[in-house]
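**Q** Sequence annotations record features per position, and here TrEMBL assigns transmembrane segment to 58-80, 86-109, 171-192, 198-219, 304-326, 346-366, 386-406, 426-445, 457-483, 503-521.
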Amino acid sequence: MAGPGRQKSEGLNLSRPCIMLLVIAGMERFAFKGVASNLVTYLTDVVNMSNSAAAKTVNSWCGLTSIMPLLVAPLADSLWDHYSTILASSLFYVLGLAALTSTTFSWAWPVHISKSASTFFMFWSLCLISFGQGGYNPSLQAFGADQLGEEEDLPCNQTGQRKQSKRTLFFTWWYFGVCSGSLLGVSIMSYIQDTLGWSLGFAVPTLVMVASIGLFSCGTKFYAYNPGKVVRDNPKPFQSMVHCLKTAISRVFNCGIGELGHKVGLPELEMQENQLSSQKLVGTKEFNGEDSSSSMTLSDHVRVILRLLPIWSLLLMFAVIFQQPATFFTKQGMTMRRNIGAKFKIPPATLQGAITISIILLMPLYDKLLVPLTRIVTRDERGITVLQRMGVGMVLSIVAMIIAALTEEKRLRTPSMSIFWLLPQYILLGISDIFTVVGMQEFFYGEVPIKMRTMGIALYTSVFGVGSFLSALMISLIEFYATKGGTESWFSDDMTKARLDKYYWLLAISSTMSFIVYVILCRFHKSRSDSANVNSV
């Protein structure tokens, strides 16, 4: 790594560019949460969507936003460096926010624009935000991790363990900064949107995002940049995979032609071809520099991603639960008593701030109290392993859904119930985030090769993307089967007839089954560092 500005900040033990990028990440979360946290209210109250349609729209958009990095990251890894990707994608991000802001005028003012055209333009502005964020978020986080300095692909000694602890510290504080921005975005913007209007409520996040781009540009000369040694020595993963597939197809095609024209030497040629192909596949010898590295990329990098898919898939139910605060939790709050004093009413989306407040308050306790205590028991430098950390968060999310179901049952029996009854489920989800979300970031970042670190972070965000789509699919299926006999939908627009409690019980049961399989799978999972240590013995 090269570049100035590598001085440490005494408080966080991170370089100043790292801290600057933490602030920028917080500003981006302010902008995004300022739009996403209260979007379901905008769709139901302004765009006049039903509860289920609004929830599916928000889930689908969040899903697209979260899964987009998985599509953009390979191109970013192959064509651009992290810095250039951040600048380019931030422009799409700002354009999407500005376009979304402009759509509010067609709903607020009697301009001559059809409702369908306004809705269509709103959807496209949301897609533009998703596309911009797809390149922005994973590249910004990977660029922040680049500021920690050079590291080996697999830490296998005490120095590597210290780097891993430093990386854990970085991801912990990164999530702390993200949560701080989210808290401000949820609390401030939901109040502005509910009281001062949606045009201003969407304009402020746009301006904050513009300011974050300016701050990022100001730190250009202080950042540490990867000089590209890895790029020159080894092909990019995405390019190598494409080249390997092209080579394989070409080889098969050429073999087919050879069989038609040269049948006499067929056995000998087949033996030679199979021998070369098998040796290149396992990557044990170098025959041709380009082909060998491409084959190694196919066997090493694709296999690493496929190896992570079982863990990835079992985290999807956690991601489904993760979608509830921005959708049905908010709709629950709209039906409850929200008054503080004679005039002030709490915006329901503001309670999402309880998640981030619990994270901000309890995350330092995780490092200062929980890790030292568990370190005594487990003899592990990190206290508990990353997989154990994610598992604890999954259990807490299940408990949160059980409490949510019990609270909803009480709400249906009690006409005037305080909105603060919802706080326990929000707080528990916040605590579960400290364990699972931070653990997911470290897990997927550390389980991929250095050349695919952006892809690793994209795998983490794609969990929430696919989980969002899965949530929307579940709502559609439940709505279809629940209303088959003419009965009321679980997601009825009349919240006195809705049965969200049944939906929450279903999520709790599904998540429990997923967690059981997760525990079994973790017993057989070996991390890349563990595998490297075994091979070196």
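In case you wondered, yes, glycine gets a Cβ from its N, Cα and C as well.
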**Q** Count the Cβ pairs between the transmembrane segment (86-109) and the transmembrane segment (426-445) that lie under 8 angstroms and are 6 or more residues apart in sequence, then report whether there are at least 3.
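**A** No, these stretches are not in contact.
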**Q** Which sequence-distant residues neighbour the transmembrane segment (503-521)? Criterion: at least 6 residues beyond either end, Cβ under 8 Å.
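**A** Answer is 310-311, 314-318, 320-321, 324, 328, 391, 394-395, 397-398, 401-402, 404-405, 408, 474, 478, 490-491.
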**Q** When each of 198-219, 304-326, 426-445, 457-483 is checked against the transmembrane segment (346-366) for Cβ pairs under 8 Å, which one has the most?
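**A** The stretch I would name here is 426-445.
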**Q** Any chance the transmembrane segment (457-483) and the transmembrane segment (171-192) are in contact, meaning at least three CB pairs closer than 8 A with a sequence separation of 6+?
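**A** The answer is no, given that the two segments have fewer than 3 Cβ pairs within the 8 Å cut-off.
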**Q** What stretch of 171-192, 304-326, 386-406, 426-445 shows the most Cβ pairs under 8 Å to the transmembrane segment (198-219)?
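**A** The stretch with the most contacts is 171-192.
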**Q** At an 8 Å Cβ cut-off, counting only pairs 6 or more apart in sequence, do the transmembrane segment (304-326) and the transmembrane segment (171-192) clear the bar of 3 or more pairs?
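**A** Counting Cβ pairs under 8 Å (6 or more apart in sequence), the transmembrane segment (304-326) does not reach the transmembrane segment (171-192), since there are fewer than 3.
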**Q** What parts of the chain pack near the transmembrane segment (171-192), using Cβ distances under 8 Å and only residues at least 6 beyond its ends?
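**A** The answer is 12, 14, 22-23, 25-35, 37-38, 141, 144-145, 200-201, 204-205, 347-350, 352-353, 355-357, 359-360, 363, 366-367, 433-434, 437-438, 441-442, 445.
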